[in-house]
Amino acid sequence: MPFLWLCWALWALSLVSLREALTGEQILGSLLQQLQLDQPPVLDKADVEGMVIPSHVRTQYVALLQHSHASRSRGKRFSQNLREVAGRFLVSETSTHLLVFGMEQRLPPNSELVQAVLRLFQEPVPRTALRRQKRLSPHSARARVTIEWLRFRDDGSNRTALIDSRLVSIHESGWKAFDVTEAVNFWQQLSRPRQPLLLQVSVQREHLGPGTWSSHKLVRFAAQGTPDGKGQGEPQLELHTLDLKDYGAQGNCDPEAPVTEGTRCCRQEMYLDLQGMKWAENWILEPPGFLTYECVGSCLQLPESLTSRWPFLGPRQCVASEMTSLPMIVSVKEGGRTRPQVVSLPNMRVQTCSCASDGALIPRRLQP
């Protein structure tokens with residue numbers, strides 16, 4: 001029975017939408033998971049009477065409180081503008097290129113990124129080279145193109161993150177599009193002043209084995225403009241963004257105005273009283289209650305001209321885009337003695353409400 005009780009609590013926690021108000025059941029489910037308990041402990045008043053919270057426990061609790069107000073975790077982010085950034089090849093080797101894009105002031109203020117597309121121009125392969133390749137490697141006519149985001153760290157080392165990878169035919173030529181939205185999301189998380197956006201383009205064999213070594217060498221991307229001097233072959237980075245002045249949320253709700261269907265997406269303040277919950281009695285020492293928030297209201301939907309361009313995006317909804325943790329002091333009974341313990345429940349309080357679409361990319365957090 002206790003196991004079934006825990007399963008129910010965690011199931012209820014998983015069903016909660018990011019736009020709904022935080023409930024006592026969610027707090028309980030997270031606490032049970034954090035403390036690895038099957039059910040809430042039953043503590044008598046005598047167990048906690050006269051208990052003094054040590055200064056180091058109080059200090060830890062206050063530090064977590066301060067950190068929760070400064071540290072935020074991002075949830076789903078969603079960003080009619082199209083901007084192209086010309087890139088240049090910094091390094092060109094047999095099968096690896098490093099593209100450099102100057103990004104400062106390229107993203108409009110008060111906007112969010114919907115999609116970033118890298119366009120590379122694949123040069124046609126001379127017919128003589130194709131005939132020779134077919135004679136030497138008849139079963140290999142494709143190569144794998146991989147896009148990675150490259151980051152140089154302060155200590156001089158570098159890290160890469162896989163962004164996109166696909167097979168291209170040596171018999172094709174023209175513009176090839178790669179989705180590099182995640183790379184731009186990573187770049188946005190860098191501290192200022194930000195380094196340029198670095199994208200590493202690698203051309204490799206489709207698979208290992210004899211007779212496949214030469215095909216990938218025939219795949220080449222234009223590094224400069226076409227012979228007519230118009231620069232049409234240069235690598236291009238397209239940035240698709242939405243103006244949040246029209247499509248974003250408004251911040252905190254007006255406490256004097258009732259929330260209706262026409263209310264623009266906002267963060268509504270609420271108070272969760274833990275003292276009034278039976279399961280928290282004699283177990284939750286701090287806080288007795290706290291301010292919590294929910295995301296309410298509606299969002300302006302995209303016009304048909306944009307939904308047809310981005311068919312992967314669903315209806316826009318008012319959701320929590322940034323969450324923060326909730327520190328607590330609880331009573332823990334061990335060996336007949338009761339002591340206070342600090343726990344921190346992640347993603348419990350809404351910090352920011354935003355308008356987002358189903359299907360929008362959820363960015364990965366940038367690792368140190």
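Just so it is clear, glycine is given a Cβ too, placed from its N, Cα and C backbone atoms.
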If you follow Swiss-Prot, the disulfide involving CYS265 connects it to which of the following: CYS7, CYS318?
CYS318
Going by Swiss-Prot, which one of CYS295, CYS299, CYS355 is joined to CYS353 by a disulfide bond?
CYS295
Near the Cβ of CYS295 (disulfide bond), how many other Cβ atoms are there if near means within 10 Å?
26
Could you give the Cα-Cα distance between CYS299 (disulfide bond) and CYS265 (disulfide bond), in whole Å?
6
Need the DSSP three-state call for ASN158 (N-linked glycosylation site) to compare against my parser.
strand
Is CYS353 (disulfide bond) helix, strand or coil when read with DSSP?
strand
Which one, from the disulfide-bonded residues CYS266, CYS318, has the smallest tally of other C-beta atoms lying within 10 Å of its C-beta?
CYS266
CYS355 (disulfide bond): nearby recorded positions from ASN158, CYS253, CYS265, CYS266, CYS318, Cα cut-off 10 Å:
CYS265, CYS266, CYS318
